[in-house]
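> Sharing a structure here in structure tokens format.
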């Protein structure tokens, strides 16, 4: 990310133009784009990035937060893309049949049988519906993916 882009984004947050993003400016910005962030999370963001301890973020401190946000967005997009590969019918869920089909097409030993796939899904199926939704998929991928589930 170049300095010009960072500066433009920073100015969108820095409403009073004092060169710092205060807690209320951060909160107001998120609110203006329809994202409700709890007060404690706003405080955590500022505390984490506020290197000089003045209770606000200057452009350099903001740069770290912005980079983190961009990386999280990219990770989310990658996860959605991977989820779409497994969710073959596009209904928002990965079934045992879809899992078996994708794992077989990848030439993986894991999940050769429907029963294996059901077991793998049951390890991440938080809501107990027998399928993996996107939220469950993200948790699973952060834990090593479907391959990690087949080991026990």
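Cβ atoms here come from the backbone N, Cα and C positions, even for glycine.
Residues or ranges marked as domain 'EF-hand 1' by Swiss-Prot on the basis of sequence analysis: 1-36. If you look up Swiss-Prot, you'll see 14, 16, 18, 20, 25 marked as Ca(2+) 1 binding site, on the strength of sequence analysis. The domain 'EF-hand 2' annotation in Swiss-Prot covers 37-72. Feature annotation from Swiss-Prot assigns Ca(2+) 2 binding site to 50, 52, 54, 61. Swiss-Prot lists 74-109 with the feature domain 'EF-hand 3'. According to Swiss-Prot, the Ca(2+) 3 binding site annotation covers 87, 89, 91, 98. Swiss-Prot lists 112-147 with the feature domain 'EF-hand 4'. Marked as Ca(2+) 4 binding site by Swiss-Prot on the basis of sequence analysis: 125, 127, 129, 131, 136.
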> Tell me, how many other CB atoms lie within 10 A of the CB of residue 25 (Ca(2+) 1 binding site), whichever protein chain they belong to?
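Residue 25 (Ca(2+) 1 binding site) is surrounded by 18 other Cβ atoms within 10 Å.
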> Enumerate same-chain residues with a sequence separation of six or more from residue 61 (Ca(2+) 2 binding site) and a Cβ-Cβ distance below 8 A; give 'none' if the list is empty.
49, 50, 51, 52
> Any residues 6+ beyond the ends of the domain 'EF-hand 1' (1-36) with a Cβ under 8 Å from its own?
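Contacts of the domain 'EF-hand 1' (1-36) (Cβ under 8 Å, skipping residues fewer than 6 from its ends): 42-43, 45-46, 54-59, 62-63, 66-67, 70.
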> Which chain neighbours of the Ca(2+) 4 site, leaving out 125, 127, 129, 131, 136, have a Cβ atom within 8 Å of the mean position of the site's Cβ atoms?
93, 121, 124, 126, 128, 130, 132, 133
> If you count the C-beta atoms lying within 10 Å of each candidate's C-beta, which of the binding-site residues 14, 50, 54, 98 ends up with the smallest number?
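Minimum Cβ neighbour count within 10 Å, taken over the binding-site residues 14, 50, 54, 98, occurs at 54.
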> Limited to the domain 'EF-hand 3' (74-109), I'd like the whole-number average of pLDDT.
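Overall, the domain 'EF-hand 3' (74-109) comes to a mean pLDDT of 92.
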> Rounded to the nearest angstrom, how far is the Cα of residue 54 (Ca(2+) 2 binding site) from the Cα of residue 87 (Ca(2+) 3 binding site)?
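Distance between the two Cα atoms comes out at 47 Å.
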> Counting by DSSP, what is the helix, strand and coil composition of the domain 'EF-hand 2' (37-72)?
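Residue counts for the domain 'EF-hand 2' (37-72) by secondary structure: 25 helix, 1 strand, 10 coil.
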> Based on Cα distances to residue 14 (Ca(2+) 1 binding site), point out the closest of the binding-site residues 98, 125, 129, 131, 136.
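Result for residue 14 (Ca(2+) 1 binding site): the nearest of the binding-site residues is 136.
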